[in-house]
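> Attaching a single structure in structure tokens format; questions to follow.
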Amino acid sequence: MSKRRLTQNQQRRIQSNHHKKISKKEVEWQDDMLGEVQQGVVVTRHAKHADVETEQGEIYRCNLRRTLKNVVVGDQVSWRLGNEQLQGISGVIEAIYPRKNELSRPDYYDGIKVMASNIDQIIIVSAVLPTLSLNIIDRYLVICEAANIPALIVLNKVDLLSEEERQAVKKQLAIYEKIGYETLMLSADTGENMEALHAYLRQGTSIFVGQSGVGKSSLINQLLPENNALTGAVSDVSGLGQHTTTASRLYHLPLGGNLIDSPGIREFGLWHLEPNQITDGYREFQSVLGTCKFRDCKHGSDPGCAIREAVEKGEIDPIRFENYHRLIESRNESKSQRHFRTEDL
Ligand SMILES: Nc1nc2c(ncn2[C@@H]2O[C@H](COP(=O)(O)OP(=O)(O)OP(=O)(O)O)[C@@H](O)[C@H]2O)c(=O)[nH]1
Ligand SMILES: [Mg+2]
Ligand SMILES: [Zn+2]
């Protein structure tokens, strides 16, 4: 071997230094490479980058300053445009303005994961296929109540129902109407009730939440007829080859208002909330709460439980009461699971 030829080890070292240089260059913008500080809104959050939209509607992919903890869709940020693109990145986000509110969900690894910020309305999307789950609607409602953000419940894929089945799901939705939530029956396939949905979305920023496959992205495609770039990678969770959304993204609707599409969650517990926050998430419990015989009433078989009595009198729906206990139980289970997982790491 000629002396001038590099050994494999040397070659590897050079290559790895080369990589280091690239990634260093990527994160370390020199001050004189960056323009004036501007304001913008985060419209998509990727693993390492975020897309920022200017007031003029231009979108730039940005790095995040390492000191920034968690940048999410909906964040108002200050950022600076670079004088050239580095590795496809146009600028850098320097700071996040204080958030009006944030929508969070529990996350096994990070504790609580903020999904989006500065939200005016949460649209809980459920569907009749695979099945309509009131338990999942209740979970989301507890999160909405805890964040103090108004909720709208929509039921998609009603095109799949017979007349008889329609009447049955109407009755289920009536449980929520009775306690003051508005509901809509929709079909992204036939366009049923899309005008009514449009009307709800015309102001402020709304977010679609709901399990994977309920049709959130399909509904957005209906609302934005020209936009067909919504489907993400092929789902590796189900292996069924459906397209699943992998990053939240904010869209501007033609009739006004913004709408965020979010990736579906398969299952989530509510261990990040205290039991009393779950109880507070049931709005129809509030007027009788505090009148139970015992102050530490668990609202189960405890004697003199005012909530159970209200259920017996037909004032509180028994399905909601049952779901409440399931939520409390699953909270405790997922909490202990989490402890196991954290210790495991
Ligand atoms: N029959 C019927 N099928 C629908 C309707 N809306 C959506 N679908 C189908 O449901 C499947 C899932 O739709 P998506 O829009 O990808 O669901 P998603 O909620 O965005 O799912 P994630 O991105 O994984 O969270 C697709 O095969 C759609 O064609 C509808 O109104 N009726
Ligand atoms: Mg989707
Ligand atoms: Zn009680």
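Just so you know, glycine gets a Cβ as well, placed from its N, Cα and C.
Residues or ranges marked as region 'Disordered' by TrEMBL: 1-22. Residues annotated as domain 'CP-type G' in TrEMBL: 100-268. Taken from TrEMBL, the feature domain 'EngC GTPase' covers 117-266. Under the heading GTP binding site, TrEMBL lists Asn156, Lys157, Val158, Asp159, Gly210, Gln211, Ser212, Gly213, Val214, Gly215, Lys216, Ser217, Ser218. Here TrEMBL flags Cys292, Cys297, His299, Cys305 as Zn(2+) binding site.
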> Using Cα coordinates, what distance in whole Å links Val214 (GTP binding site) and His299 (Zn(2+) binding site)?
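Between the alpha carbons of Val214 (GTP binding site) and His299 (Zn(2+) binding site) there are 33 Å.
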> Tell me which binding-site residues (Gly210, Lys216, Cys292, Cys297, His299, Cys305) have a Cβ under 6 A from ligand 3; sequence order is fine.
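Listed by sequence, the hits are Cys292, Cys297, His299, Cys305.
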> For ligand 1, pick out the binding-site residues Lys216, Cys292, Cys297, His299 that have a CB under 6 angstroms away from one of its atoms.
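Correct list: Lys216.
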> Where the criterion is a Cβ under 6 Å from an atom of ligand 2, which of the binding-site residues Val158, Lys216, Ser218, Cys292, Cys297 meet it?
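By the Cβ criterion, which requires under 6 Å to ligand 2, the hits are Lys216.
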> To see if you understand the setup: which same-chain residues, six or more apart in sequence, place their Cβ under 8 Å from that of Cys292 (Zn(2+) binding site)?
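In sequence order, the residues whose Cβ lies under 8 Å from that of Cys292 (Zn(2+) binding site) (at least 6 apart) are His299, Asp302, Gly304, Cys305, Ala306, Ile307.
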> By a simple count, how many Cβ atoms lie within 10 Å of the Cβ of Cys297 (Zn(2+) binding site), its own Cβ left out?
18
> On the Cα atoms of Asn156, Lys157, Val158, Asp159, Gly210, Gln211, Ser212, Gly213, Val214, Gly215, Lys216, Ser217, Ser218, which are listed as binding GTP, what is the maximum pairwise distance in Å?
19
